[in-house]
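Enquirer: Let me begin by handing over the structure; questions about it come next.
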Protein chains: 2
Amino acid sequence: MNLEPPAGLRDFTPEIKILRKKIFNRIEKIFIRYGFDPIETSTVEYWDILKGKYGEEAENKLIWRFRLPYSDKEYSLRYDHTIPLARFYSRFQFPLPFKRYVIDKSYRYDNPQKGRYREFYQADFDIIGSREYTSDAEIINLVIEVFKEFKFNNYKIIINNREFLRYIFEKLLSINQDKIFKVYNIIDKLDKIGIENVEKELNSILDTDTSNKIINIIQLKDQELIDYLSKFNDLNELINYNNNIFDLLVDKKNVELSLSLVRGLDYYTGMIFEARVDEPKIGSLAGGGRYDNLIGKFSNRDIPAVGGSIGIERLIDAGIELKIFKMKKKTYTDLVVVYFNNTLKDAWSICNKLRSIGINCYIDIMSRDFNKQIKYAVDKDIRYLLIVGEKEIKNGFVLLQDRETKERINIKIEELDNIKNIIYK
Amino acid sequence: MNLEPPAGLRDFTPEIKILRKKIFNRIEKIFIRYGFDPIETSTVEYWDILKGKYGEEAENKLIWRFRLPYSDKEYSLRYDHTIPLARFYSRFQFPLPFKRYVIDKSYRYDNPQKGRYREFYQADFDIIGSREYTSDAEIINLVIEVFKEFKFNNYKIIINNREFLRYIFEKLLSINQDKIFKVYNIIDKLDKIGIENVEKELNSILDTDTSNKIINIIQLKDQELIDYLSKFNDLNELINYNNNIFDLLVDKKNVELSLSLVRGLDYYTGMIFEARVDEPKIGSLAGGGRYDNLIGKFSNRDIPAVGGSIGIERLIDAGIELKIFKMKKKTYTDLVVVYFNNTLKDAWSICNKLRSIGINCYIDIMSRDFNKQIKYAVDKDIRYLLIVGEKEIKNGFVLLQDRETKERINIKIEELDNIKNIIYK
């Protein structure tokens, strides 16, 4: 019998789960520091809600959608956190701005590979209700903070604006609507396929002059790009908007302005961004942007929004490969209470006391002898032993042993509270 | 368009989610104190793994099972955490004992009603590998600790042992195999339908003498019951085992031994328990027991286990009704940085500083005026305002206002760190 979950789905052992919980927790703290609050939406959505939102490929291959043998309704599993947010927001219509985060699973029936799974956690953060550059800046700052938190130093955040793209490619270079999506698609692959291949592909659908111009423009960065864009008066306001965002960033070092970023989803309307690391080659670790026409879809209202998503699975896979994340803890248990046949009841009452003051304890439940009880601590790297011996108990104390320093301390039974100060110092 | 999730599925607003996270967190801490570690299993399981494990009703009505339009495989959503644990354990075969907890969703296509949803969180805790009464005691202690943690005082934990049931009803009263499950089923409803109705139902399938005996026996409690059971020498060992469990409980006050508890699932082999509250009438809040023949199912090994499950949705619904749980916090945000047009950049750099030292801040992203910025704090019950005025900034300070005490303090900009001590004192 196949004991693994279906392809692209996963089990997490305590070691991995403990590491993941720590990572999730640190990311969540950043969201909260930035004034975002948590929400939760249902795992299962009516297919009607997701239908028509994610494009053909998703609908025909990627969305987990189904009927039950005993239900006519068609259901689907959450495909991302954005459409559920739109439904959720329309349902409750909270006062604006509404800043929410979520760290939860999405489900895609994709081809499983490294960093890509059929169920995967995403950390999403969105600001609903603001059209201001300040909200764009907050979203990008969150991503910068996450990379800084974990001391990734090889990250790069690329920023662009859909309105720059429209102006330069559609208005200035007059690429017509038949070709524009192909052109965007090719440009967007720059990071993956390199400039020569982009040039080759562009040449196959555009005249050489236009193609050359594009090749030049998408290689411009930061001030060079601003200088170029400044030639066009129509773009003044947008350049200002963009500069204002940059002014508010907590760390501009690894942030880059470039017209080479397009991003696949067609719901973006303004600023867009993507975060990558040089190594390992695992695709983008985060992305997002402004989408002013989506949230109001379910309520026929005009509601601006900006947000982003961190691909936690890729972040973790990349972090493990870069040795930023290490599976160090096998257990949350900090202390093993060790006892003998004739001290079982004393040991249990001591263990209960320790647990009641917040110490994470293991006590043998296998009728094992002294040495095997200690082996449990050794196997799980649990640092402290509390030995409950008959003679010691009679004299009113127990023995605390630090397996790391080999130190042994007598602890009076009335003073068990002290153990907390010793082990959680 | 229907903006609610499908029936029996739910969205959680920030207020509810914040409350739920706090409750989950407190329960989790208890598990960790007792030496349990977290694992996670996939949401989606092959139908083959669940098939034949939960009985006919589940298979024909309750399990979310399906094929995708583009897959031949039959899948299902996790129905509980026990079969996934058996699969998981067989896959990894960790050293024993293996103590794990999980707080995650299960999915049942049940009729939605109060305390019963089609997706719901369960907190499960199991000890794999131990046949000892000590492990039974730990499982029950966990449940006691959860009720004590939240100061439920109207809870009752009923304990029984499947072997008592077998001996008394099947051996002593010689109820035959045709009828025994019906009898158990009737007895198990005592709490719901009352003793007279149990009597009536028993009379309809048993002779009056047997029925009367049963009525007497299932009303015996604790020492009375022990006295009765002690008449049978065959039960001596089992009574001892049971007394040993009770000796190790952290609080016996609300714990009761009674033969009236049967529990539906037929995989239990020894000790069983269930936890209830008098009010509200919402069914059992927790339950579990020993199941020595289940974990080894996928690996053809003989592996004892004992565990329990807390129905978190019912616990929360009951706790809210009992006013044990209150939605107090609308946001995690503790402070709003308030600014004027000409102090925007100063305010942002101050806000970044506060966030970097761990203060949860909101800063306006709506281009709102002073009064509307303050309204955000008022609406969300955020206690502190940090007012960044032009004159103050020029003199090197900002103004911290406590909305609760109405106190205002000048804070030097070099000493922003102090704010942390003031607001998280």
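Every residue number used here counts from 1 along the chain in the order it is shown.
Glycine too: its Cβ is placed from the backbone N, Cα and C atoms.
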Enquirer: If TrEMBL gives B:D80, B:H81, B:T82, B:Q122, B:D126, B:R263, B:Y267, B:Y268 as binding L-histidine, which of B:R65, B:R67, B:R108 does it give for that site as well?
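Expert: Candidate listed by TrEMBL for the same site: B:R108.
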Enquirer: Counting Cβ neighbours within 10 Å across all chains shown, tell me which of the binding-site residues B:T82, B:Q122, B:R263 comes out on top.
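Expert: Within the set of binding-site residues, the most crowded position is B:T82.
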Enquirer: Please average pLDDT over the domain 'Aminoacyl-transfer RNA synthetases class-II family profile' (B:19-316) for the predicted structure.
Expert: 95
Enquirer: For B:T82 (L-histidine binding site), just give me the three-state DSSP call.
Expert: helix
Enquirer: Looking only at Cβ atoms, how many others are within 10 Å of the one on B:Y268 (L-histidine binding site)?
Expert: 24
